[in-house]
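Over in Swiss-Prot, the protein carries these features:
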BINDING   9, 12, 28, 32  Zn(2+) binding site
REGION    43-70  region 'Disordered'
């Protein structure tokens with residue numbers, strides 16, 4: 001009995017089998033994996049939400065900052 005899960009590649013829609021040895025999963029190939037990465041890098045894909053004002057970000061003082069000041 002074949003219980004392997006079939007999935008569609010999120011980029012091209014090609015049907016493939018979900019296998020632990022598929023280094024590109026959930027994609028069908030390195031090409032589709034790189035296309036997806038490029039879409040995230042170019043901000044064609046993004047997680048919805050409101051933008052953060054850079055002025056409102058609070059930074060913490062870490063040990064490296066103290067070393068540089070001495």
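Glycine is treated like the rest: Cβ placed from N, Cα and C.
Given the structure is predicted, the values throughout are model-derived calculations rather than measurements.
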If you take the centroid of the Cβ atoms of 9, 12, 28, 32, the listed Zn(2+) site, which other residues of that chain have their Cβ within 8 Å of it? 8, 10, 11, 13, 14, 16, 27, 29, 31
Judged by the number of other CB atoms within 10 angstroms, which among 9, 12, 28, 32 is the least packed of the binding-site residues? 12
With DSSP assignments reduced to helix, strand and coil, which class does residue 28 (Zn(2+) binding site) get? coil
